[in-house]
Number of protein chains: 4
Amino acid sequence: MAGSTYGRLFQISTWGESHGRALGVVVDGCPAGLALCEDDIQKFLDRRKPGQNAFSTPRREEDSVEILSGVFEGKTTGCPISMLVYNQTQRSADYREIANYYRPGHADYTFDKKYGFRDYRGGGRSSGRETIGRVAAGAVACKILASLGISFTSYVRSIGPVEIDPARFCEAEISRNPLNMPDAAAAEQAAEYLSKCKANGDSAGGVVECIVRHLPAGLGDPVFEKLSANLAKAICSIGAVKSFEIGDGFSASRARGSENNDGFVCREPGSIQKLTNHSGGTLGGISDGSELLLRAGFKPTPSISVPQQTVSRSGEPLTVRVKGRHDPLIAARAVVVVESMAAITIVDALFANMYARMDAITDFYK
Amino acid sequence: MAGSTYGRLFQISTWGESHGRALGVVVDGCPAGLALCEDDIQKFLDRRKPGQNAFSTPRREEDSVEILSGVFEGKTTGCPISMLVYNQTQRSADYREIANYYRPGHADYTFDKKYGFRDYRGGGRSSGRETIGRVAAGAVACKILASLGISFTSYVRSIGPVEIDPARFCEAEISRNPLNMPDAAAAEQAAEYLSKCKANGDSAGGVVECIVRHLPAGLGDPVFEKLSANLAKAICSIGAVKSFEIGDGFSASRARGSENNDGFVCREPGSIQKLTNHSGGTLGGISDGSELLLRAGFKPTPSISVPQQTVSRSGEPLTVRVKGRHDPLIAARAVVVVESMAAITIVDALFANMYARMDAITDFYK
Amino acid sequence: MAGSTYGRLFQISTWGESHGRALGVVVDGCPAGLALCEDDIQKFLDRRKPGQNAFSTPRREEDSVEILSGVFEGKTTGCPISMLVYNQTQRSADYREIANYYRPGHADYTFDKKYGFRDYRGGGRSSGRETIGRVAAGAVACKILASLGISFTSYVRSIGPVEIDPARFCEAEISRNPLNMPDAAAAEQAAEYLSKCKANGDSAGGVVECIVRHLPAGLGDPVFEKLSANLAKAICSIGAVKSFEIGDGFSASRARGSENNDGFVCREPGSIQKLTNHSGGTLGGISDGSELLLRAGFKPTPSISVPQQTVSRSGEPLTVRVKGRHDPLIAARAVVVVESMAAITIVDALFANMYARMDAITDFYK
Amino acid sequence: MAGSTYGRLFQISTWGESHGRALGVVVDGCPAGLALCEDDIQKFLDRRKPGQNAFSTPRREEDSVEILSGVFEGKTTGCPISMLVYNQTQRSADYREIANYYRPGHADYTFDKKYGFRDYRGGGRSSGRETIGRVAAGAVACKILASLGISFTSYVRSIGPVEIDPARFCEAEISRNPLNMPDAAAAEQAAEYLSKCKANGDSAGGVVECIVRHLPAGLGDPVFEKLSANLAKAICSIGAVKSFEIGDGFSASRARGSENNDGFVCREPGSIQKLTNHSGGTLGGISDGSELLLRAGFKPTPSISVPQQTVSRSGEPLTVRVKGRHDPLIAARAVVVVESMAAITIVDALFANMYARMDAITDFYK
């Protein structure tokens, strides 16, 4: 239950700092018999790699993953899967300067207040590189889900003021543009907006959307272990996330009951469906068999070279411009992180649901 | 880790159904030596009581709490505090009819899919009455926080399309109007809106806002146990919540870094503060010493008498009008639930923070 | 994870003090569809009732259980089961005197050191009455196990120096003698020994043994969640238990490998069995399909009227004789507590085992 | 809560197989500001190294630890500490043969039944090498405890039938003889006994004892989180442990109350002590300020070259002699594992105790 461990049944423990020797994760609770190799993980890590386009940091990171345990003869054994990525470039010198003051929008101040000092190199544990462990674990979770036919569509919905037009939604487009938007025109507009931000030494926020298909009904438990509640925690635990919605989200708060309720229909025997999906795939916090839809709001990258007012550790006023090679946008690279955290949470709910009924238990042990 | 247990160190287990014999909660992990009596709890429960105004259900519920353990000579003993409320009116007959079909917007369908059957009386475990246990535990949490000078201001920020005007914000007003809005004019407008909804057999959504003052810096752990992430889970575990924000929330996703970052200033020696509070009181998910601000978006009450399309358990199409005595608005009665869940989460973070540093541990055991 | 909550998936939270208003338990994580009524629970509670023979306390306790939630139309709903027993006789006056000094062998001193004060009435939370919640939950666990054909034989193996003779083992005898021993001759000898102890105002220790039959192989997880490790915790969490063995226990430490290893044999196709059962039903901490055998060592009842040296809360030396109506033996009434804790632990392992393999998961969600 | 994660507040996740690429541990929840370097860990690992004497396996293992995260400028940062040891010699060929049958006394059969297959190389996850992660984490725990003045004395109490004589107890002797016994004469006798076992291709069991000094009173929580219960789980989770005692253990079950109770005395103002220590350092499961004494019973090494009867995976009868280089005794090398698990458990209890009282919380946040 310490800070870097997540999940009840499918449990991950991430570790590592931005400029430490390595970063990684231990996945405990993965079932035996899943085909798994380093390439499965690497594909996911490559989706969060920087240096892929004009809008991401020019740092060159290889982020090459190694599986150290839990896989034997190409299959998971049921024992913990330890995965790590060694850090290649550790230009700590860039960061020596920031050791002594608090960068606005970063965790520098709160880490110092909590722990008395901090690993200031590149944000240490609060760096975006912390998500390497999440994504490696997410790759495992997605592989489990894929074997059950459950799939994800994740993308950037908006960047600053630029939002996708649902009428132009095109899933294939997501991987064609560097901003992971499913709308080519919006992606172009967003690129212009980002160019201006970058030119000004500024950054932009954005919203990531994630759709999960073919989820069985019944996942999540009543009250505190609602699937929706655990997704909220999973998503809001990602650095820079400030908001979360499921289904219509805040729009539902402006709607009337007659608009927001999803009616039921039975189009073929034995298959009850909802007529609409304002709820975003859960009812009472439990998956209802329709598409799960969630949204994560990311704040703008806090590292900007626009001058900002701050103080040194001892309280002297300073004006700073944060140097270094930073993305002007977090949302695009975070798409795979959102998908990973959702997948990990869903796997946990899938396992927990297996002992919800006596008849299932009796069947299993027959 | 089963569904009805929440918290790591300050842990609550709620139980009970809408029309069962009683509802309650066991609070495990409350420190010894806190002055506590039934009246402390009753005050909180009274804030969620229905039948207080034209816009809440005319059901008469006494909801009179009993403390059965964990308090001795007026003080908590460090042992579990068991609290319960016996159900008075159990008009189950009203509900017999709904046993056989799925009410849109309710958990009827998902409970049936998960468990094979359900306690259909008044929603059973998925009823709003489930929050009695949360609020009783929240009263204990708030009492702990009050003894540290930490206080809450919680209210309805919007109902349907009607939002408060920050320029008219008046804390005293919150308890003066039946809708718990801090703006008398907005409350009046909202009342009109609700009257129309009610006349049409319809219902409205709303947004609850909660401000926490005098929170020390340093609460929350990096990565998965961020204070913000746990608040997201706590809030999104409340029935009917579809969205969550901390600080500027989704607005931050439309902002630029230079607008969103909060600078630092040191107005008097030893006291570093933020110039603004876009972050809503956390940085890197850890409390930063400024006001914590969170928002919970509630969907409209799903029980409406507007005709709706649905199906029976066996799939026959039906048009239903949900009868019974229902609030046309969840948000107003849920203010105290939001406050309770936030308080429980903060107490947990307060305890967890006590062993974050070796010097604190050495001091304690000296 | 607070002190009074136990279990990962099948989770119980007990509460209540010896002389408080009531004692009880919330069982969270019980699957839906289990037939359950108050009589199922009462039968278990009756097994721990005092006043049944010459060697148990003459206190008259009704200990009549009420189920307040989680059961609907005779079946569990999947939601928390809250059960309680109101305290009938609360002769607190007997205990006023002990408020000011530390009874040897009791938790008086440690509760005071930990919490600053204590509910001194009858031991408060550290009383044997605390086990009411465990036993009520144990009844539910045993009912789940019974539906899978898993059964228990639990009894007193030794009292003071008197041990049962395996050659005279008779299961039916267990419930025929007041000491729950499966050997009538040993029971008689033990009764004589206890009579002497009682006449001297003294008390006796004893060992409880528990055999679990028809447990499937594969329960328990490697490393920390070994079935044997969780049983050790479950058993050693019972007040007055000072030792634990599985299988040959300490005898195995005196044996050679060639004596202690259990060979394998395959008597009929598909059914591999062990030739012997020195391991007591687990290998590598995982159930091996043979009988599970565990042993719990109870210390003598600490409340004795033999004069003892102690101190007051302020440190003055005192000689005390503990008054009140106390059993001279804990072991006999604790048989059902040992069985309950074992059952709860096994149910947890049964559930956890259901998602150990990908093929089981794929089958379940097919 | 998956199998390889242990601890509530000070949480460890171990990983790795006997013949995989590496083994390691992530320690999550270590406070910031503890001086820590690889040498601190290496010293502990060296205590469990084989190849140190005639009675341990001649395998040469370097077991050289690397700290990959969580330490900055020589101090822990409050973030997860990842440590690993790369496997040097991986003579998997030795083990190919055992892939197809079940070694008596090993987890081969249960892993196969649970997971459908197993990493058969050297026992895979159920190998004694799994304890590398435990010991690395134990080194951190012991360093925390040392800074509070809490110290350990751990040793082998008996080997097969040879037990130490308390009259000859000499702490300095423990590290002087290869069997870690605090009695030179007993060590010599035990060495003879082991030589005979080895000559016969057989092995021996043993008992490890661990004394913890200067533990403050008040550690552990009532009911399920008793310090004694958690120690029982911690110890019984070590492979090959079949029994556990605290204080007088099973002897207490043969004693009378007047013999077993520890009286209290106040020799100097403010310092209450027990006259004796039959309880072994806990009362009601909470530490009482006296020496904590626990005992772990290890079975004999199951890998023996004495011919044994077993079956192949498909059930054919076989007679096997387990080859390979195996210790004839587990207990001696396990001393540091017992100490590590006890230390980890105590650190957890130390942290949990910090929020047991309101006054402590108020003091901390003043």
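Counting begins at 1 with the first residue displayed.
For all residues, glycine too, the Cβ spot is worked out from N, Cα and C.
Automatic, uncurated: that is what TrEMBL annotation is.
Copied over from TrEMBL:
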- D:R48: NADP(+) binding site (BINDING)
- D:R125, D:S126, D:S127, D:G284, D:K299, D:P300, D:T301, D:P302, D:S303, D:R325: FMN binding site (BINDING)
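Counting other CB atoms no more than 10 Å from each candidate's CB, the binding-site residues D:S127, D:T301 peak at D:T301. The two recorded residues D:R48 (NADP(+) binding site) and D:K299 (FMN binding site) have their Cα atoms spaced 18 Å from each other. Of all the binding-site residues listed here (D:R48, D:R125, D:K299), the one with the fewest other CB atoms within 10 A of its own CB is D:R48. In sequence order, the binding-site residues from D:R48, D:R125, D:S127, D:K299, D:T301 that place a Cβ under 8 angstroms from a chain A Cβ are D:R125.
Of all Cβ atoms in the protein chains displayed, 26 besides its own lie within 10 Å of the Cβ of D:S303 (FMN binding site).
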